[in-house]
Each structure stands twice: as C-alpha cells, then as structure tokens.
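Presented below is the structure to which this report refers.
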Amino acid sequence: MQAEIVIDKLYRGEPVRIALPDYLVRELSPGCMVMVTSSKGNKATYPAYILRLYQDNADIPETLVISDVLYDGVPVLSPSLLKLTAWMAEYYLTTPLDTITSALPAAVRTTVNDIVELSGFQLHGATPKIVNTSLRRSILKLIGQEKKLTVRQLEKRLGKKDLYRALSELEQAGHLTLQKKFSSTKPREKTAYRLSVPIPEKIELILHVAPRQLEAFKALATFNNTPTFPETLGISRDHLNALVKKGLAEKVQIELSSSFRSGFSEPPKPVETLSNAQQNALQTLSDAYKKQEFATFLLHGVTGSGKTLVYIEFLKQVIASGKTAIVLVPEIALTPQTAARFRHHFHDDITILHSAMSDHEKYDAWHNLRLGKTKIALGARSSVFAPLDNLGAIIVDEEHDGAYKQDRNPRYQGRDTAIMRAMFENALCVLGTATPSFESYHNALNGKYTLITLPERIDGAKMPEIKIIWMRENPKASRSISETLYQAIKTRLEKNEQVILLQNRRGFAGSVFCLDCGNTPSCKFCNIPLVYHSKEQHLRCHYCGFVTPFTDACNACASKNLLYKSSGTERIEEELNLLFPDELILRMDVDTTSSKDAHAKILKDFQDKKSKILLGTQMVAKGLDFPDVTLVGVLMADIGLNIPDFRASERLFSLLTQVSGRAGRSSKSGEVLLQVFNKDADIFASLLKGSYTSFFEQEMSTRKALHYPPFSKLVKFEFSSPDEKKAEEASASWADILRPALTSETGILLGPAPAGMAKLKGLYRYHVLVKLFSGKLSPAFLHQELNELSMSYRKEKLTISIDVDPQNLL
Ligand SMILES: Nc1ncnc2c1ncn2[C@@H]1O[C@H](COP(=O)(O)OP(=O)(O)OP(=O)(O)O)[C@@H](O)[C@H]1O
Ligand SMILES: [Zn+2]
C-alpha cells in the first residue's frame, strides 16, 4: 500500500507518495495526522496529513517513514473537509498544505516538542566519562531528577540556549534520548476542593490552633458537597491543601468547559411569533431542507426585517432532525448581539468560536464539535471548517461583508467556501443580508441561488427617512457637524432617545495639510498620509505603525497655518463634548476596542443607556439592534467614493444602507442625516429611494461594459521587493509569460502597474491583473512558471502572491 500525503515544510506543501508498512495500513485512513521522519541525513521529523491510501506496488524510495500516528488514528479532517481543502487549493491557486493548515486550529497541529529523556540503560551512580563539562553534568543531573523534559524547559532551567550540540553528544554516548513528540493538547483541568465525608465532630477542637484552616473548612461547608475552586471560596490553596493533608477535605479535578460567552446579554424579550413574511421564508427553507439536497438561498431582507429569527427557527428544525449546523458572522466581536441571541435559543448546543479564545479554549471547542458534544458552531470565517459531522445547514449572515475574505494566504472567501462545503455535505446554505454582494445577487437573479425576500420591517416599523445635508450650504455648528445635524441630535437627547454617528474612515486619513505650502506629512515607508492622534500628540502610519511626534508646525516649511484635512473619530468626540457638555459620548473605533471585551462593553453601556450618543467607524454599522435609536448621522457620507477600486460605490452603498438601518427599528420612527460634499454623486439617488435594486441595475451596466465581476473573474498577482526595479522587472516578465495564454475569448491582462499603495512596510509592490471571461488558469502551469520566476529573483527577496477574486485592488 501507498499513501499520498502532504508534509508541513517539505515539497512546498504539494502532495507526495510514500510507501506504507502493513501494520500501519490498518491504523490509517484519509484525513489522519501523522509524523514523518526522514530516514536519511538529519532524521528530522515533520507533521503530515494523509490525503488518500491506495494499492500500488511500484517502488518508491523510502526516504520518509511514518514515525507516529497522532490522535490515535482518528482523522483530523473528515472526507468532506478533505474535499473542501482540495477544492480550495485548486480554486485559490495555492497548495493543499496551506488550505489544510487553515482548516485546523493551530492548537491541533503545531504542538511539537523536542523531548529529552534519560535513556533506559543509565548506570546508576557511575559518572560517565563523557561528562567532562559542567554543562553536560547539569543536563544529566536535571534529566536524572525529572526523567523527561522538553529542550525548551531544559534551556530555561539552565539559563542557556543552543543545547543541541551537547544533547546530541550525550545521546550518541547513550546517556539520553532526544525525540520529537507531538504533545496533543488535552482538555484543561483545574483543582477544586470539597469536604471529605464523614465530617468529624468537634471540628473546632481539631482546628483550634489553625484558625485559617478552620475558616477554610467553614467556607467549604457552605458549598455542601460541591467541588469548589479556591477563588470562589476566597481561600488560599495552602490552607485548603493543609485540610487535604489532615484528611478533612479532598481535591477534585474538574474539566473546564471553555464555552465562550459573548459578554453581552439581552434584556429578556417576549416570545416572538414569526411574522407572515418570516413564516414564508422559513417554509421555503424547510421544504428545501426536507429534500436533503444541496441548495443555496439568498435571504434578502431589509434592515430590521428579522432575519436572525428566521435562521434560528430554521436551525431548530435542522437540530431536531439530528443534524448539525454552522453559522458564520463577519466579525464576532462586532456582533455580540447576534451571538447572544443564538446562545439564548440554543444554550449549550452551540459553540461560539471567538478569536480572543486561548489556544486551549480553541482546542476544547474543536474537540467538542468533533465529538458531537455541541451541534452548532458560530464564528467568523474560519468556522466554515468546524469539524462537525452530519452537517445539515450553513448560515452566512451579512454575506456582503468584506471580512469574509482572508487577506493572507490562503486568500479564500469564507462565503464561497461555505457554499462549497454545503455542496460536499449535501447541506443547505443560506446567505442573508440587507445589501447583497453583487456576485450573490447576480447569482440569485440567474437562478443559481433561490431568492427569498423580506421586504418589510418587523411589526410594521417604517424604514427610516434619509436626508442629504450639503455641507457647502449648511451652516456649521462645529468644524465637522452641521447646524441641522446638531439640532437633530439635540431634539433626540431631549426625548431621551439615542443617536448613532458614523465617521467613515475607509479611504480617508485624518491627516494634516499645510495651508501655506500644501504639504501633507506621509509615511516614509508606505508613502501614504500619516494620521494625527490628538491624545498622544503624534502622527501615526495606519499601515505599518510608524510614529513621529507632531509639533504643531509643518515639517516642510514650519508654518503653523495647518488644516486637519478631515477629522477622525477622536476629533469629532472633542467637538461633541463641546456641543453637548452634559452628555457622555461612547466612542467605538480601533483605538477604543483593542482589549478583549471592549466592543461588548461599549455596546452594553449603550444598551443600558449610560450614554445616548454612540460615535464610531464602520464598526457601528454592523447588525446593531437598539430600539431607542431614532437618529443616525453620517459625518462625511461621500468619503469612500474616491478610492481607486471598482467596488468603491458598492461598498459605500452598503455601508450607508447598513448604518441607516440602525435607526427606527421599533415603534419610534427613524431619521438618517447624511452630510455630503458632493451631493450629485450617483449613489445618493438610489439611497434616498431606499432601493437596492435600482442601485444594483445602475451599477451593473458599468460593470458589464468594463468586464468587471460578476461579468469576469479577477486574479491578482502581486510582486513585492525592497528593490523597486526588481519588483517592476519581475512583474513585467510575468505579464509576458501570461499574456500568450489568454485570448480575446478567455480574458485580458492589465498591468503591470504599481499597486494603489505602491510602497508598504518598506516593500515596493507591483500588480498584474487578469480578467477571466471563461475557463480558468491552470494551477500546474502557474506554479511551475512562478516558481521559476521566484528562483531567478531569490537574491532580491521577491515575494509573489496570487489573489483569486481579490477583495481590494489597492
Ligand atoms: N416575529 C417577531 N416578532 C417580534 N419581534 C421580532 C420578530 N422577529 C424579529 N424581531 C425583532 O426585530 C428586531 C430586528 O430583527 P433582526 O435584528 O433579526 O433584523 P435583521 O433582519 O437581522 O436586520 P439587520 O440586517 O439590520 O441586522 C430584533 O429586535 C428582533 O428581536
Ligand atoms: Zn507606514
């Protein structure tokens, strides 16, 4: 028998064949994780994954042997996850290894340690000859005491690095063994305490000389017989351990279930009965579900139409039928409300996968899903790989969101990967949003997906009224806030209602502009404007983090006549503080949400009405549902149109629709004020009408004329190097190689051109863009050609990346 495997760090992540000894054949199946050791040379050991097993007697050189089978031979990848990762490698033009490693949490695949053990035939007492240095002696002494240590532990205890030479000499002399071992993570345990039974009488007498222990005893007694952690008791471990020694208490190991809580709780809601539209949507889904065939649905429901409840009721049916499900959300920290609603309905049947979880928690979550202990996985993009068997449905909430695209290798689109997984699993895939991506809406119109619409808000709530404020004509209450917006905010505050304000920072930098010489300080590494931070009084690059002090004077001509070209959230917060001195302003942006539960805390404060004004970046536009919000203001609503990207207007339309949708979600009607500089921009007409379809139709004609997606498929090749000439040269050679492969029917090639951000983190970037009309690029051809190209530029540190269906073209 032979196996096709991919090995971490060998053969560029491409599959290789190895021979299998008979005794292993029984233990292995596709999807298993193993360790392989090279039988020649350095005998290094690597993690590897079995793709398939087959009968073949052809000779293959035995340079690699399987040295360990991990997880007792239980596959870490199910057959459909194997298919999915293979599809991804082919479609996204990357390697099987890259897609497999992205499908497994790091804690499952990377805990490899070098273990040092005393060898079996150690002569006790005798000091072996080889031990002629104090270092060697101390190594042997330590191992003698502890029997087994990792190299890292040894290095730490001895305070020395690079022990490998000493260790391998000691190994050769037969004193110890050095081994690579995979230490698979185990569920976390913690020590709890309880009283031993029977409880002796006259306990006061027994412990009268040890008042602290008596106190510990009494604390334990209040918890009856339930094992309790020291922190809960408020008693130190030492005193509890003393009780254990006296036989009065005992230790109990408790397996910690690390189910993530969203840190957000909703006030209890009355039981919700589905509206007619929701009922119809649910019916369509459950009819399709009964057929047990793969299908994709696009649930296009206006903001506040109750999509979440449709998902929940549908998933109840899926779970009741004995199957499992995955729910994808764009960024879990930004949508604690959604997570909390699912948790409320599914309790411990749901695992929430959060990026803030520790490796241990991630491992536990993965393990529980694989064992079927929990039936639903909810999380961001990578949850599409949740190791669930028997999958019935995948929900992709806010399917239009750019966060579904991974911006590092493998550059997969989580939504599209979800659809493929559903296909391999014969499951239903439901994409939901108020502003479908053009790709998805196009697919719904041409029948690839089934369209379900929820055209109205729940309980007859009205869509908010949207108005445009032209900044040139409107008097200003402060630098960035018009009189109209100011008055509108004031009215809401008087009525004890709430306000959400959005400052769109995408495509705009809160940079400094010199009114005398026109200079804007920019990052010397990235060539983009630096952003002014008033609190720290410095300028910061938002791409690479470069910081330079800000001196209140132009760095080119020393003039003090400066304009803060536009203002970031921080400055607007200052303006609001001046306009509304008695109000607490909640600010939500990258700077205020860096800690673990920061998002949830800000949103909770807003929900509890500790503040009536929530000001933030794009973050405030996502799925928030607060009934008292009656006004939404956007400070610079047309910023973002100026980005050199064909999706700029689609993105801005969906951002403005989403943020508008936060207003008037209950019986109180909502109003949206958009402050603009260019009132004639195309997108406002459809926005004022609240019509997604009219915007879609208008944009699609441009897309069609220019062959942009969904009328073509884009593949972006990026060449970056610290040497600009070389980056340009390499991209030009690549264009020459690729151009002959395209005909006027199959596609066109654009570039090479410097990227929109031509220099990032010290690297010059060049792009070659391919628009494919039909067919696809052959992965084998690409990889071979690109490998050759990168070999010839090895000295110039050239990096080449491929992005299929790129999300941004900057
Ligand atoms: N059948 C129902 N009866 C009463 N209230 C409902 C019902 N369905 C949903 N709701 C409530 O309506 C509000 C809006 O629902 P939800 O947040 O699911 O909207 P949505 O469609 O996801 O909107 P968005 O796209 O803006 O996030 C929520 O507060 C929800 O609890
Ligand atoms: Zn920079």
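Using the three backbone atoms N, Cα and C, a Cβ is placed for every residue, glycine included.
Values in this document were obtained by computation on a predicted structure and should not be read as measured data.
Annotated features in TrEMBL:
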type: DOMAIN; residues: 288-454; note: domain 'Helicase ATP-binding'
type: BINDING; residues: Cys514, Cys517, Cys554, Cys557; note: Zn(2+) 1 binding site
type: BINDING; residues: Cys523, Cys526, Cys541, Cys544; note: Zn(2+) 2 binding site
type: DOMAIN; residues: 549-706; note: domain 'Helicase C-terminal'
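Take the binding-site residues Cys523, Cys541, Cys554, Cys557: by the count of other Cβ atoms within 10 Å of each Cβ, the lowest one is Cys557. Secondary structure at Cys523 (Zn(2+) 2 binding site), taken from DSSP and collapsed to helix, strand or coil, is coil. Each residue contributes its Cα atom, and for Cys554 (Zn(2+) 1 binding site) and Cys523 (Zn(2+) 2 binding site) those atoms are 15 Å apart. Rounded to a whole number, the distance between the Cα atoms of Cys557 (Zn(2+) 1 binding site) and Cys523 (Zn(2+) 2 binding site) is 17 Å. Cys557 (Zn(2+) 1 binding site) sits 21 Å from Cys541 (Zn(2+) 2 binding site), taking the CA atoms of both as reference points.
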